[in-house]
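Listed in Swiss-Prot:
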- 1-22: signal peptide (SIGNAL)
- 91: N-linked glycosylation site (CARBOHYD)
- 259: N-linked glycosylation site (CARBOHYD)
- 266: N-linked glycosylation site (CARBOHYD)
- 411-570: disulfide bond (DISULFID)
- 475: N-linked glycosylation site (CARBOHYD)
- 483: N-linked glycosylation site (CARBOHYD)
- 559, 560, 579, 581: Ca(2+) binding site (BINDING)
């Protein structure tokens, strides 16, 4: 009797376990036992900050569409990185000996069998409409949500950003691909990774104007006054200041603070160029740019090229800031706007930007981007592939400038570790932090200035001494909050509060490292111009030269030794100190000194 009873219990237990496992499999759509044998997971589930994002159902998975981007595995990536380090090292005999677009394209182009394997897989799954980029490194297609779920064994949701109300279709599930494709695909965009959202330029807290900053200290700057009043060639910090007494910053005052002489801004080389990147319907207003230039006594100049969509009558604050200040710093340098992606739930604008650049043989020399996210919200496969794209740009002598972010060190919900930002944490971009000019004339690190040490990327050789010195200075404090062997950022800083732009016919003081990045990018364009005039190469990946100059000629920087980036992160943050620190980097550039050593 006992034997029969025990046997029944065992059988019931086996049936129960089998039922549980079947339910687990069914919970992952289309993932049958046969598929498990033939397919392999190619991504890891990402963490979603539920304080920032709301998860909802997609109303109709058959009509809703998603754009999938397949990053095809490229060749010679190790050799590419070695080459980048050599052409970026001022002590190397190959310094500045960049490759052309076509040379890079042929060097790293995926194998034909990799491209064909992915194309055949799509066709086998009744996906016959897709495009392959000129360089062969990306394949893109638009499919229904239902088809994407079937293809990748995932379940999509609608993710709504609680602050901006922007929504995107994404999955929290790791996707699967056929085992035989594992070595042909780096990542698939449009599945897990949420689009990068800008650390939006905010109206500076000291503004006396409402709803767009139309007033400064009671002085109204409406369109009518712009027509009737004389130019404002510079703001006088004694007469025009925010409520807290800190001065508003005009292009002229910013140049003075960074020692940019008038002769330095005279750009003449036709081979020079610069660009800003804009996503999420951040459009450009030629009218705002024209009035901004007139109002501040700047030389009139126009945008030379707009890649992608633009709606003149629907401008964005981010675009106004970026274009007005990159051109204010480098007024005669040919300037592009690369505009990608609207607000469609199925798009990934940052990835669109990368794909567009990877197919363009006439890339501008300097790019300014004011968008980012936490490293922890992004998969390693995605960041590694994006890093490869940055390496390709560096190998061609291009400079990529990112704002370091507007949330200080960032932190997790438990306040027991910092959350570094990305792409600012990449070793192959120049990350720009923020500083504030105070009413007493001092300049300090901005508490919002994104900075810290990467959890993904190891420390590059060009900043080992600087980061090690800072960590030694910490003397063990905060050691559990950050990765002591990670890439340190930012690299350099500029002004991030009370920077005045013109938006929808009104002058408006704004804040954020979104202001810092285009200011620095414009100055790098000036350096490129002077190098090109002397038949020297463009600066490319500037970081190795920048850190070398800081060691050999520290007078090229205004060292910022006060400030802490503990913005909204409990009570912890990094502090500024003499030398490099993860609040302001190497400090504020002393431009006329810096450019001298860039020409040696």
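Each residue, glycine too, has its Cβ placed from N, Cα and C.
Sequence features, as recorded in Swiss-Prot, placed on the structure.
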{"residue": "91", "record": "N-linked glycosylation site", "Cβ neighbours (10 Å)": "9"}
{"residue": "259", "record": "N-linked glycosylation site", "Cβ neighbours (10 Å)": "17"}
{"residue": "266", "record": "N-linked glycosylation site", "Cβ neighbours (10 Å)": "13"}
{"residue": "411", "record": "disulfide bond", "Cβ neighbours (10 Å)": "22"}
{"residue": "475", "record": "N-linked glycosylation site", "Cβ neighbours (10 Å)": "8"}
{"residue": "483", "record": "N-linked glycosylation site", "Cβ neighbours (10 Å)": "18"}
{"residue": "559", "record": "Ca(2+) binding site", "Cβ neighbours (10 Å)": "19"}
{"residue": "560", "record": "Ca(2+) binding site", "Cβ neighbours (10 Å)": "26"}
{"residue": "579", "record": "Ca(2+) binding site", "Cβ neighbours (10 Å)": "18"}
{"residue": "581", "record": "Ca(2+) binding site", "Cβ neighbours (10 Å)": "31"}
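Among the glycosylation sites listed here, namely 259, 475, 483, 475 has its C-alpha nearest to that of residue 579 (Ca(2+) binding site). Cα of residue 411 (disulfide bond) to Cα of residue 483 (N-linked glycosylation site): a span of 13 Å. Nearest neighbour of residue 560 (Ca(2+) binding site) by Cα distance, taken over the glycosylation sites 259, 266, 483: 259. In sequence order, 557, 561, 576, 577, 578, 580, 584, 585, 586, 587 are the same-chain residues whose CB sits within 8 A of the CB centroid of 559, 560, 579, 581, the residues recorded for Ca(2+) being left out. In the three-state DSSP scheme, residue 91 (N-linked glycosylation site) falls into the coil class. Residue 581 (Ca(2+) binding site) sits 22 Å from residue 259 (N-linked glycosylation site), taking the Cα positions as reference.
Each residue contributes its Cα atom, and for residue 475 (N-linked glycosylation site) and residue 483 (N-linked glycosylation site) those atoms are 15 Å apart. Among the recorded positions listed (259, 266, 483, 559), 559 has its Cα nearest to the Cα of residue 91 (N-linked glycosylation site). The DSSP secondary structure for residue 560 (Ca(2+) binding site) is coil.
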